[in-house]
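Step one of this worksheet: look at the structure below.
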Amino acid sequence: MAIAYTVYGLVGFKWISTESPVPLCFALGALGNYGASFMVATVFSVLAKNFVAQRSSVVSVAKSWVGTAAGVGTAIYTGFFPDDGDSTARLRFLFFVAAICGVLPVAISGILKPLPEEQRSQRPLAIPHAWRLPTCYGISLVLIGTTLISTTGPNVGFSVALLVVLASPLMLLLPSRRDLKLVPDTTTLIEWDRSDANEPELGRSPLESGPVGMLKCVDFYLLFAATFAIQSGGLFLTTNLGSMVESRTGPCVESATAVTIFSCFQGLSRLVTGFVTDRLFVSRGVPRTAGFPILMLLMACAHGVLAVRGPIALIAGTALSGAAFGAVYPLLVLAVTEMFGQEYIASNYMVFDGIPGAIGVVLIAKVLASRVYSAHTGLDPGSGDDESRCYDESGSGSGQGKCFGDECFRLAHLAIVGVELLGCTLGVVLMIRTRNVYAAIFGQN
């Protein structure tokens, strides 16, 4: 990731020039995503295997930070380096990301490295065990709220505040002044008040298997279809949001603002997905997979709203889409772990994290969007408040290879509504079929 984004940044600074940037950007994007996949697989397999009672909450917090990353990074960067309108210069942001990817692992490597027994601290952490998860929730909410407020006008103050919030989880590592208690007749140091100590053991899923066995299950294909529908609806926005903002009529909504709104709402939805599905579904004897048809209905509503003209519809649709798109990721980690077991969680989960999204980017975000966009290129955008359109600032006009007007993406939004409704039907079938799986894991009640 650091290598790919560093080269992106060098292109942004015009230290590297190329006559055909598409192959270079494609290769760098593939390399960056390849590195990101390793990080995702490692982090969430570790969380899923090491947390049982609090798995849903821990996964949700971690996924929330992943979902908010784009908005946080954009807010920090634009606060320090205001956008000057040069599209090439925006690649410098990736140089900024590369610095984080390269420096941060080195900075925390000392913390992650296991210490010999004689070098380990004899003191517990300052924050009690029962308060650590609520503290993580609180930090996440502050991060999302600060990022969302920064859309009112990015500045250095917001950037500094976000950097402070990003560093605040390190306080969880501060040692306490009290000593740890010793287990009688041993030299093992423990912390008391483990909240998951008395949790009952969970059953095993009848579908438990690795990727090969998973491919033989009908439930795999139903889950794959549901994932494809939800991820496609969100990736449509992440891929085309800049063009959508530029083409729409009415008062201008800045691209950075739309990206931050999408990022914050998906971060917030990721944060609460585990808790909500535990309380609404699992604790009531309903399969956690019931969340998938609900998310597809929410995504359908989002694109239905985006088909309406005006900035309010754009902001509302972006927020709804971000919420649905963000919630699917922690829900996927939990559902895949519960349906197909913990042993192969890394390889099983990456099938759903990468492949449906890749297909969705090509078919929905690229082919569908470009066909609809091209069909309306050069047409009269129609009536509206021309003086406040985003594209007026660049001096561009229709007939120059760009589409201007609310029709540029409307048919694509309506097509996605159809995809979501079809996927919702399959999601209901998945929910019904997995009732026996969740009964085996959590008990008949």
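Glycine too: its Cβ is placed from the backbone N, Cα and C atoms.
Keep in mind that TrEMBL annotations are predicted by a computer and have not been checked by a curator.
Taken from TrEMBL as is:
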| type | residues | note |
| --- | --- | --- |
| DOMAIN | 19-171 | domain 'Nodulin-like' |
| DOMAIN | 212-438 | domain 'NFD4 C-terminal' |
| TRANSMEM | 20-48 | transmembrane segment |
| TRANSMEM | 60-81 | transmembrane segment |
| TRANSMEM | 93-112 | transmembrane segment |
| TRANSMEM | 133-150 | transmembrane segment |
| TRANSMEM | 156-174 | transmembrane segment |
| TRANSMEM | 220-238 | transmembrane segment |
| TRANSMEM | 289-306 | transmembrane segment |
| TRANSMEM | 312-337 | transmembrane segment |
| TRANSMEM | 349-369 | transmembrane segment |
| TRANSMEM | 411-432 | transmembrane segment |
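Non-local neighbours of the transmembrane segment (411-432) in the same chain are 219, 222-223, 225-226, 228-230, 232-233, 236, 286-287, 289-290, 292-293, 296-297, 299-300, 303-304, 306-307, 364, 368-369, 372-373, 375; each lies 6+ residues outside the stretch with a CB under 8 Å from one of its CB atoms.
Under 8 Å from some Cβ of the transmembrane segment (20-48) lie the Cβ atoms of residues 1-5, 7-8, 11, 55, 58-59, 62-63, 66, 101, 333, 337, 342, 345-347, 349-350, 353-354, all in the same chain and six or more residues away from its ends. Within the same chain, the transmembrane segment (60-81) stays apart from the transmembrane segment (349-369): fewer than three Cβ pairs sit under 8 Å, each pair at least 6 residues apart. Counting Cβ pairs under 8 Å to the transmembrane segment (349-369), the stretch among 133-150, 156-174, 220-238 with the most such contacts is 220-238. When Cβ-Cβ distances below 8 Å are used as the criterion, the transmembrane segment (220-238) is approached by residues 70, 214, 244, 262, 266, 289, 292-293, 295-296, 299-300, 302-303, 318, 321-322, 324-326, 328, 332, 335-336, 339-340, 351-352, 355-357, 359-361, 363-365, 368-369, 412, 416, 419-420, 422-424, 426-427, 429-430, 433 of the same chain, each at least six residues removed from its ends.
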